[in-house]
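**Student:** TrEMBL lists 1-27 with the feature region 'Disordered'. Summarising the annotation, TrEMBL assigns compositional bias 'Basic and acidic residues' to 1-13. As annotated by TrEMBL, domain 'Major facilitator superfamily (MFS) profile' applies to 50-459. The transmembrane segment annotation in TrEMBL covers 87-107, 114-134, 146-166, 178-197, 209-231, 278-304, 316-336, 343-362, 368-390, 402-423, 435-455.
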Amino acid sequence: MSSDKEDPIKSLGDDPQGSEPRVSSENATSALYIDPEKEKAVVRKFDKFVLPQFVIIQILSNLDRTNIGNARIFGFEEDLNLKGNDFANITSLFFVTYVIFEIPWVLAVKRFGANSVIAIAIIIWSAVVLGTGFCHNYGQVVAMRLILGLAEAGIFPALSFLISTIYPRESQGKRIAVLYGSTALAGAFGGLIAYGIQMMGNRLGLEAWRWLFIIEGAISIFIGMACWATLPRSSEEAWFLKPDEKQLMKDRRVRDVAYTGSDEFSWTYVWMAMTDPLVWVAGVSLFCAGIPLFGFGTFLPTIIKGLGFESLKVNYLTIPVYLTGCIILAVVTSISDHLKKRAAVAVCVPVVVIIGYLIPVATSVPGAGFFGMFLCAGVYTYNTLLVAWVSNNIKPDHKRSAALPFFVSIANISGVVSGQVYPTSTAPRYIMGNAVSLSTEFVAGCGIVVIYFILRRRNQVKAKQRAEGVTDNGEIGDKSLDFEYIM
């Protein structure tokens with residue numbers, strides 16, 4: 001059956017040739033039968049009621065994290081009397097708590113349910129963002145950023161994990177692509193909102209940058225409260241499903257138990273995740289790609305201003321760049337879906353980004369440097385392809401619920417580094433930051449090659465065992481004989 005019929009969304013992830021796990025005839029006989037048409041109808045309901053909420057949450061998360069870069073353009077540093085590397089430190093310290101608390105948040109979602117845990121996280125970080133608008137010194141802002149990192153820590157890996165529990169394996173990647181597309185879209189919205197507030201100027205005795213934090217924080221608080229009621233606790237308890245549809249989701253979990261594992265948590269799954277070389281290589285690759293990604297998200301207004309553009313124009317000049325990031329993401333993921341070659345497409349993406357960073361390093365011409373930023377917007381695509389590809393190759397659910405935040409945590413350590421590679425002392429061209437981003441993107445491309453050979457070797461070993469007549473290798477999840485890795 002074609003992927004167009006399998007799923008209402010057509011982009012990254014549909015792979016009818018090779019994406020489905022192998023199922024032996026013995027397993028097939030004993031498996032629960034689920035009507036494919038009914039399953040597709042249920043999936044469409046999640047696309048209608050849940051996925052749009054995930055997009056909104058992801059946009060808010062990125063807006064509230066990166067708005068400090070927009071605030072910098074209209075007086076944040078001067079009004080708080082920040083000196084030297086203070087702004088870079090504020091940016092970096094966010095990721096200290098962000099990295100530490102990622103795994104606990106995702107495990108909490110698994111244990112207590114998505115609606116309450118995610119809603120609490122949103123309300124906490126929104127209150128912190130709003131409070132940042134009333135800060136008056138460096139220490140207060142540092143405290144706010146540390147708490148913000150704690151509250152936002154689990155959002156992306158938690159949403160990615162929830163997607164993996166809701167959607168069939170072959171169609172999860174496209175939804176993760178939607179999350180990354182939301183990240184780029186958040187940059188465009190952020191630039192638009194910041195420009196509007198900048199034009200508003202000082203009101204009620206508060207500077208414009210303070211209103212940026214206050215307004216965005218207040219909006220997020222209301223969304224967080226709504227999420228408690230509108231998000232389902234789990235895929236099997238969704239409020240919009242009929243009783244027979246809830247039963248279908250339960251039956252699907254039973255059917256897929258060979259790959260998803262039982263509902264009972266065991267530290268064995270955490271150990272499985274942390275001792276899997278695939279998880280570590282993915283983490284290191286995402287770490288390298290994360291330096292340009294986080295630097296781009298926070299410092300793009302700073303970089304554009306350094307190219308020679310007026311402060312008043314900078315925030316709205318970021319809008320087309322971020323929108324280009326969305327377009328690149330959509331085009332490349334469609335190509336990946338069409339060619340059915342995940343590694344081959346993913347390894348090409350860093351080339352575009354490298355060229356983008358090379359241009360402002362090589363020339364001081366403002367127009368050329370600005371054009372380079374459009375190419376750099378491809379940073380979102382690499383992470384999309386890699387996270388979707390690797391998460392599809394990790395089973396059971398408990399292993400993945402530990403593996404996803406674990407390798408994303410390794411990756412997010414790069415946020416600490418990215419905050420330091422664009423110091424004020426290197427203004428206006430910020431050659432060091434762009435050169436570092438260029439170099440780490442190259443290493444990230446090499447990581448794709450390593451992952452490809454790891455997965456190819458594992459498939460070859462299993463194929464050899466099956467050829468020798470082995471029917472059970474005694475392993476579970478992605479290590480089981482019936483599971484075939486997506487290449």
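First residue shown is number 1, and so on along the chain.
Every residue, even glycine, has its Cβ placed from backbone N, Cα and C.
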**Student:** Check for me, if you would, whether the transmembrane segment (278-304) reaches the transmembrane segment (114-134) - at least 3 Cβ pairs under 8 Å, residues 6 or more apart in sequence.
**Tutor:** no
**Student:** How about long-range neighbours of the transmembrane segment (343-362): same chain, 6 or more residues beyond its ends, C-beta under 8 Å?
**Tutor:** 289, 292, 303, 307, 328, 332, 335-336, 368-369, 371-379, 381-382, 385-386, 389, 429-431, 434-435, 437-438, 441-442, 444-445, 448-449, 451-452, 487
**Student:** Cβ pairs under 8 Å only, please: of the recorded stretches 178-197, 316-336, 368-390, 402-423, which one is richest in them relative to the transmembrane segment (87-107)?
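**Tutor:** Answer is 402-423, with the largest number of Cβ pairs below 8 Å.
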**Student:** If I take every residue in the domain 'Major facilitator superfamily (MFS) profile' (50-459) and average their pLDDT values, what number comes out?
**Tutor:** 88
**Student:** Would you kindly check 209-231, 316-336, 368-390, 402-423, 435-455 and say which stretch has the most C-beta pairs under 8 angstroms to the transmembrane segment (178-197)?
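**Tutor:** Answer is 316-336, with the largest number of Cβ pairs below 8 Å.
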**Student:** Can at least 3 Cβ pairs under 8 A be found between the transmembrane segment (368-390) and the transmembrane segment (435-455), with each pair 6 or more apart in sequence?
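**Tutor:** Contact criterion met.
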**Student:** When you scan the chain for residues with a C-beta under 8 Å from the transmembrane segment (435-455), skipping those not six or more beyond its ends, what do you find?
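**Tutor:** Residues 277-278, 281-282, 284-286, 288-289, 291-292, 295-296, 343, 346-347, 349-351, 353-354, 357-358, 361, 376, 379, 382, 386, 389-390, 393, 414, 421, 485-487.
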